[in-house]
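Trainee: One structure coming up, written as structure tokens, with questions to follow.
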Amino acid sequence: MNNQQKIKCPICGKQNTWRPDNQFRPFCSERCKLIDLGEWASESRKIPGSSIDPESIVTSNNKQDNVDEQ
């Protein structure tokens, strides 16, 4: 009996098998894996949510540093 799960590559849609020895899973190839990475890096892929003001992060970190020093 074959228990290996068939999946589609998220980039090209090619059918492949989910196997522990596939170093590119869930992608079918290194090419598709790198395309996906590039899409995240260029922000053409994003996780939906509200934008965060970078200044508020700095302010929050500074407040935490002051608490840690006390």
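Placed from the backbone N, Cα and C atoms, the Cβ positions cover glycine too.
Okay, these came from Swiss-Prot:
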- C9, C12, C28, C32: Zn(2+) binding site (BINDING)
- 43-70: region 'Disordered' (REGION)
Trainee: Out of C9, C12, C28, C32, which of the binding-site residues is least crowded by other Cβ atoms within 10 Å?
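Mentor: Counting other Cβ atoms within 10 Å of each of the binding-site residues C9, C12, C28, C32 gives the minimum at C12.
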Trainee: Determine which residues of this chain, when C9, C12, C28, C32 are set aside, have a Cβ within 8 Å of the centroid of the Zn(2+) site's Cβ atoms, and list them as they appear in the sequence.
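Mentor: The surrounding set, listed in chain order, is K8, P10, I11, G13, K14, N16, F27, S29, R31.
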